[in-house]
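Features as listed in TrEMBL:
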type: DOMAIN; residues: C:5-160; note: domain 'Aspartate/ornithine carbamoyltransferase carbamoyl-P binding'
type: BINDING; residues: C:SER47, C:LEU48, C:ARG49, C:THR50, C:TRP75, C:ARG110, C:HIS147, C:PRO148, C:LEU149, C:GLN150, C:CYS272, C:LEU273, C:ARG300; note: carbamoyl phosphate binding site
type: BINDING; residues: C:GLU142, C:HIS176, C:LYS236, C:ARG276; note: N(2)-succinyl-L-ornithine binding site
type: DOMAIN; residues: C:184-309; note: domain 'Aspartate/ornithine carbamoyltransferase Asp/Orn-binding'
Amino acid sequence: MKLFSSVNDVTDINQLVADALALKQNPYAHQHLGKNRTLGLIFLNPSLRTRLSTQKAAMNLGMNVMVMNMDKEGWALELNDGVVMNGTTVEHIREAAGVMGQYVDILGVRSFPGLKDRELDYSEEIFNKFVKYCGIPVVSLESATRHPLQSLADLVTITELKTRPWPKVVLTWAPHVKPLPQAVPNSFAEWMCKAEVDFVIAHPPGYELCTDFTQGATITHNQQEALLDADFIYVKNWSAYEPYGKVTGGYEDWMLTNASLTETNNAKVMHCLPVRRDLELSAEILDGPSSVVVHEAGNRVWAAQAVLKKMLESLT
Amino acid sequence: MKLFSSVNDVTDINQLVADALALKQNPYAHQHLGKNRTLGLIFLNPSLRTRLSTQKAAMNLGMNVMVMNMDKEGWALELNDGVVMNGTTVEHIREAAGVMGQYVDILGVRSFPGLKDRELDYSEEIFNKFVKYCGIPVVSLESATRHPLQSLADLVTITELKTRPWPKVVLTWAPHVKPLPQAVPNSFAEWMCKAEVDFVIAHPPGYELCTDFTQGATITHNQQEALLDADFIYVKNWSAYEPYGKVTGGYEDWMLTNASLTETNNAKVMHCLPVRRDLELSAEILDGPSSVVVHEAGNRVWAAQAVLKKMLESLT
Amino acid sequence: MKLFSSVNDVTDINQLVADALALKQNPYAHQHLGKNRTLGLIFLNPSLRTRLSTQKAAMNLGMNVMVMNMDKEGWALELNDGVVMNGTTVEHIREAAGVMGQYVDILGVRSFPGLKDRELDYSEEIFNKFVKYCGIPVVSLESATRHPLQSLADLVTITELKTRPWPKVVLTWAPHVKPLPQAVPNSFAEWMCKAEVDFVIAHPPGYELCTDFTQGATITHNQQEALLDADFIYVKNWSAYEPYGKVTGGYEDWMLTNASLTETNNAKVMHCLPVRRDLELSAEILDGPSSVVVHEAGNRVWAAQAVLKKMLESLT
């Protein structure tokens, strides 16, 4: 594997999930693969889970890790070609990416969307330029429109905890006070559409996701109906795709409480974290037996390790 | 050992000091203990000595280390329960701590007091919530009211350098321009009260420490008298416990100079660092033969290594 | 080797270049040298290439690395002696350097000039105080007036890519919008003056470098003439040495384009990076076959590794 940016980069998602679960049982068995190999992690935005879980995954594989907080330890990157760089950008992404490709064997890149210009964000310009110019395998640590390591960890979690074949999985929009990216729901949707699950998306009017990611999903504005008999409920806020990046306010009643769970199939509640308590998701759920959010975050290690292992194997 | 937050977490301080001194002689003998173990260091405040010495201690033990500057690389944590998180805090400490507990084997946490609300600071809310929700062993990297790795390094230093049994150790208040926490003097006091030393605290009126930490100490407002025949002088500023966090100004004559040392027992001068020269402590002492501050800072490694070793042993 | 701050710290530059090229062929052969050794990297200024390449070099040698962003993770250092520290500086460089010397085996330090006070910058006060007070070997990660790891990597690159003995190497000034340090051109000049090359410096009037660094170089204001038959062209902006740190504007025509290269000996174009495209150097050169800037940046690893290897050997 030379690129992990979306579900489309994976030949067999069931096998990748199985790999992750095998690594969870036996984390240190492949340290020969990572010996004298280095993972570079480039952050253009803050990170907690992704940073620590990917670093841990690499160390489990015997790799060295170098972290570069480009926004804090480095300087502003120029993304556009044909620009006379007489402003505030100090280095062009062509050189920055090319140089990083000299120092590490695999590069991880995190780059959020601006949420101002949909075409720009959905072109994945920054992430794609890192891929183009670094010359080495790249793993997405969340890009403008996708968060595939999160989605893989989510599918690992569902596979681990499901109590019947083809569980019903519901992605439900949740309230928030800020406009958030569509990367997590896009990514979760495109993974679930390829997974052996019955997948439903519920959101208020105006929060339709880009249809590129939702082919095969059942989509509804009726949250209560969606939750009926659900095995897994994936809670997440996102801002509108059209008008892009906007939030209309309201829909506070979309926040799940224990009462929302009564007609589910003893559903497990998931969230990618960070979660705002009693705004996106009720504290009573987060602190109760239905929540698997911390367990799910733990699975980020095995998702990242499965991907890095495949990349290391492609290097040798 | 599952928790290192105060002297009360240590069964036998003499043995722990002996362990630290043995590690100083033989730093790399226990790397099997740390193999495939990871230390997470969470900083909510800046750090130099604690960061580097604890990281070094962990590497000496064969551990991996992941550092998370929560304030810079992450986001604002919500500490209170029952809050609707519609403000500026992005993640609740319940989830943040729980997640970190998934990625590392031992967690170190640094969290300073606000110096506004004494009850809050002395409840050690932040540190204790990390302990409660992370589910793994925790070592304090300085909390609101204590700095036990510093105090252990201090006792190691005294044990190493003492020239007679039961040396006289004097903790003396020093001038400063800013209100500083009581964590270092509190912690030093509670360790010295349990150590085989004759312990005296000298400070100006109004700078009484919380009596929970000073049981057994001789306390005086007379610095000159306190220094008589002293073997070790521990210099430190702190703000008032009552009224909490206040500084009254003045007492500049409490700064030690070479003249202050004439009637001591050839006293060694200690300070936890950073130290403001010619404000807290005279440059002539810091640059002269009495100062052991850099040596003392070096002992931070062995203190941390002794604690981490005990924690690793409790994991296996 | 106990100090690497300039070409004057190197006994035999040809041997050091040969060492670097041998390490490039066989990066992991000396990991016994670095076992249980730690490199500390202190950054008082941002860094990308230097940070990552030096870290990589140390890991190749089996060392542990601890990075300290003193400006972001630490606090303001006091540099002056005899100061009552009642202002904003929190720790004196005497203590800070002394303490770091307790925790690591080799220290790397990056400290840029202020470009306000020439005498101060050229005294290398900050770098020299780290050397003086840390008590361990120190490698410059770029100081106020020199960047020797860059220059060594540059000479490695020239040695690797030259097509004839005694190639012609031209350092040419380039336009910029901000006043930049003289460290890179100073350092490049003093290395080239000792190397087996024909060395020419071209710059507009007013941009004379300090003559301490340029003994033996041919210096001209005629860029076109300088480039005749050149094998390597080293492009770099710098601010004036006299009046110190000033930029006069203009000289935009000093930016190289493909047309500038026509009468060279198929010259390779070098730059230390970051480079501002179409301001310092044309995009057509950077994206064309003449540019070796990314390859040159890759050689930073082997330069750093050759220096660290010599320092490690001096420790054992």
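Each Cβ is built from the backbone N, Cα and C atoms, and glycine gets one as well.
Shown here: features listed in TrEMBL, placed on the structure.
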residue: C:ARG49; record: carbamoyl phosphate binding site; CB count, 10 Å: 26
residue: C:TRP75; record: carbamoyl phosphate binding site; CB count, 10 Å: 16
residue: C:GLU142; record: N(2)-succinyl-L-ornithine binding site; CB count, 10 Å: 26
residue: C:HIS147; record: carbamoyl phosphate binding site; CB count, 10 Å: 25
residue: C:LEU149; record: carbamoyl phosphate binding site; CB count, 10 Å: 26
residue: C:HIS176; record: N(2)-succinyl-L-ornithine binding site; CB count, 10 Å: 20
residue: C:LYS236; record: N(2)-succinyl-L-ornithine binding site; CB count, 10 Å: 21
residue: C:CYS272; record: carbamoyl phosphate binding site; CB count, 10 Å: 25
residue: C:ARG276; record: N(2)-succinyl-L-ornithine binding site; CB count, 10 Å: 24
residue: C:ARG300; record: carbamoyl phosphate binding site; CB count, 10 Å: 29
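Among the record's carbamoyl phosphate binders, C:SER47, C:LEU48, C:ARG49, C:THR50, C:TRP75, C:ARG110, C:HIS147, C:PRO148, C:LEU149, C:GLN150, C:CYS272, C:LEU273, C:ARG300, no two C-alpha atoms are more than 29 Å apart, and one pair sits at exactly that spread. Averaged over the domain 'Aspartate/ornithine carbamoyltransferase Asp/Orn-binding' (C:184-309), the predicted model reaches a pLDDT of 97.
Filtering the binding-site residues C:SER47, C:ARG49, C:TRP75, C:GLU142, C:CYS272, C:ARG276 for a Cβ under 8 angstroms from any Cβ of chain A leaves C:SER47, C:ARG49, C:ARG276, in order along the sequence. The number of other Cβ atoms within 10 Å of the Cβ belonging to C:SER47 (carbamoyl phosphate binding site), over all protein chains shown, comes to 22.
In three-state terms derived from DSSP, C:ARG300 (carbamoyl phosphate binding site) belongs to a helical segment. Ranked by Cα separation from C:CYS272 (carbamoyl phosphate binding site), the binding-site residues C:GLU142, C:HIS176, C:LYS236 are led by C:LYS236. Within the set of binding-site residues C:SER47, C:TRP75, C:LEU149, C:ARG300, the entry lying nearest in space to C:GLU142 (N(2)-succinyl-L-ornithine binding site) is C:LEU149 (CA atoms). Among the binding-site residues C:HIS176, C:LYS236, C:ARG276, not one has its Cα within 10 Å of the Cα of C:LEU149 (carbamoyl phosphate binding site). Look at C:LYS236 (N(2)-succinyl-L-ornithine binding site): DSSP puts it in a strand. Looking only at the binding-site residues C:SER47, C:ARG49, C:TRP75, C:HIS147, C:ARG300, the one with its C-alpha closest to C:LYS236 (N(2)-succinyl-L-ornithine binding site) is C:HIS147. DSSP classifies C:CYS272 (carbamoyl phosphate binding site) as coil under the three-state reduction.
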